[in-house]
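See below for the structure under consideration.
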Amino acid sequence: MGLQEEFEEFAEKAKTLPDTISNEDKLLLYGLYKQATVGPVTTGRPGIFNLKDRYKWDAWKAVEGKSKEEAMADYITKVKQLLEEASASTS
């Protein structure tokens, strides 16, 4: 299985993560996903009154230097970690 296919598989698995994962982890996954699928952020930072989009933009900007392949690999690693943690907490 190639990196792209594995990334797509884990993007689907990420949808099954419990709601209890931290906002920090959710934002990290968002940033890595956007970097992997779109590339570097090209839009301006949302205004102060649009906090949700501002946090998401910041998360994407934080991983700006990564290649798409690096972002995919980091995304897969993080989803695996979160799935293992979720599995351990329900055992």
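Glycine too: its Cβ is placed from the backbone N, Cα and C atoms.
Annotated in Swiss-Prot:
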- Lys15, Tyr30, Gly31, Leu32, Tyr33, Lys34, Lys52, Lys56, Tyr75: acyl-CoA binding site (BINDING)
- 3-88: domain 'ACB' (DOMAIN)
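Structure with Swiss-Prot features highlighted.
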residue	record	DSSP (3 states)
Lys15	acyl-CoA binding site	coil
Gly31	acyl-CoA binding site	helix
Lys52	acyl-CoA binding site	helix
Tyr75	acyl-CoA binding site	helix
Site with most surrounding Cβ atoms, counting all protein chains shown within 10 Å, from the binding-site residues Tyr33, Tyr75: Tyr75
Around the Cβ of Lys15 (acyl-CoA binding site), the count of other Cβ atoms that are within 10 Å: 7
Neighbour-count leader, CB within 10 A, binding-site residues: Gly31, Lys52: Gly31
Helix, strand and coil residues within the domain 'ACB' (3-88) as assigned by DSSP: 60 helix, 0 strand, 26 coil
